[in-house]
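These features come from TrEMBL:
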type	residues	note
TRANSMEM	55-76	transmembrane segment
TRANSMEM	88-105	transmembrane segment
TRANSMEM	117-135	transmembrane segment
TRANSMEM	147-166	transmembrane segment
TRANSMEM	178-196	transmembrane segment
TRANSMEM	208-228	transmembrane segment
TRANSMEM	240-259	transmembrane segment
Amino acid sequence: FWLKPSTQAEKCIFSAHHHLMDDVHRLLPHDARVNVKLGYFEPVCNLRHLSVRHYHFVVCQYMGDFLHVTALLLCLASNFREDGTYGVSLKTHVLFCIVFTMRFLNILFCDQSMGLIIYKTLLWTLTVNIVLLMAARGGAADRKDSLPLAVLIIPSIILASVFGHYSSDDNGLLIEMSWIFSTYLESVAMIPQYIYCYKDPANSSVLVLLYVVCMGLYRTVFGLSWMYHYFVSFDRYVDWSSFVSGVLGVVLFVDYLCFRFAQRSVMYRLCISVDEGIREVENAAWHVAQGGDPSALGVELAQHRTLEGRVIGRRSSDWHEAFSPDEDAQETIKTTP
């Protein structure tokens with residue numbers, strides 16, 4: 001997580017220039033302000049800290065990008081197994097597809113290096129191919145991948161709208177809002193995959209494990225990088241949407257590692273409870289809409305929760321016990337002709 005001196009100086013120059021241009025812009029008459037601007041998207045492309053001009057391929061950037069591409073390639077490879085999409089969340093990649101589509105809109109408006117354009121195109125293409133491949137192989141029907149996308153997308157839109165720093169004078173406002181929305185959405189995009197893993201502790205696929213670990217490490221690298229920017233870097237600059245996204249990515253990944261290797265998890269109960277609660281509300285609404293009896297549905301849901309409480313969170317060695325019928329059931333099976 002190191003910054004080159006030239007990178008730090010460059011950031012300070014951009015920041016000072018940004019404030020100077022704002023002061024000049026306020027002092028000039030309205031008619032003269034047009035001459036100060038170098039183009040409609042000039043501020044969002046050149047002056048903002050979120051812009052492509054502040055994307056520097058330093059050590060942490062190389063590490064994060066390498067881990068990200070590696071994770072996507074591992075995910076593609078895992079989808080060509082005999083098990084197909086088993087163990088991989090399609091919804092996570094749908095969210096990442098939305099993230100990259102919103103974030104990379106600046107390719108159409110901002111002058112960028114060819115290397116950066118190629119990298120962005122590679123990420124977007126790999127993600128779209130994963131989504132299409134998983135959809136073709138039946139990933140949408142996987143019952144373990146159950147978290148509704150709206151639960152993550154709608155709060156991200158609200159956060160981007162409420163906590164983004166916008167004004168009526170912003171040039172390229174749509175691009176800026178898309179970027180900030182993508183940052184908040186990216187922070188929670190791995191949650192469907194983690195919930196899938198919580199529901200599927202017996203999965204022994206090495207490819208799936210490596211894919212999830214690489215994705216988690218990619219989020220961790222950028223999260224620690226933003227912490228460095230805030231707590232260590234002398235300029236003390238931090239973009240709060242990126243900072244929150246990075247910290248949340250680190251927390252979720254550490255919790256997943258604790259669940260996977262130490263059978264302990266703080267987020268496990270919360271994620272599973274929220275997911276089950278949402279599914280119960282959806283099932284109840286659908287059942288009542290079809291004219292069913294709500295009381296009968298309540299008994300059915302209680303039985304479903306009891307069974308899942310016995311199974312979810314167990315290691316593979318405990319599954320036989322969880323699914324083994326009791327003695328009365330075994331006797332019934334023996335006496336049934």
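Glycine is no exception: its Cβ is also placed from the backbone N, Cα and C atoms.
Note: the stretches the transmembrane segment (208-228) and the transmembrane segment (55-76) are in contact (3+ CB pairs below 8 A, sequence gap of 6 or more). Taking pairs at least six residues apart, the transmembrane segment (55-76) and the transmembrane segment (117-135) share three or more Cβ pairs below 8 Å and count as touching. Within its own chain, the transmembrane segment (178-196) has Cβ neighbours under 8 Å at 50, 87-89, 91-92, 95-96, 98-100, 102-103, 105-106, 142, 144-147, 152-153, 155-157, 159-160, 164, 212, 215-216, 219, 239, 241-242, 244-246, 248-249, 252-253, 255-256, 267, 271-272, 275, counting only residues six or more beyond its boundaries. Ranking 117-135, 147-166, 240-259 by CB pairs under 8 A with the transmembrane segment (88-105) puts 117-135 at the top.
Long-range neighbours of the transmembrane segment (240-259) within the same chain, counting only residues 6 or more positions beyond its ends whose Cβ lies under 8 Å from a Cβ of the stretch, are 50, 159-160, 163-164, 180, 183-184, 186-188, 190-191, 194, 197-198, 201, 212, 216-217, 219-220, 222-227, 229-230, 265-268.
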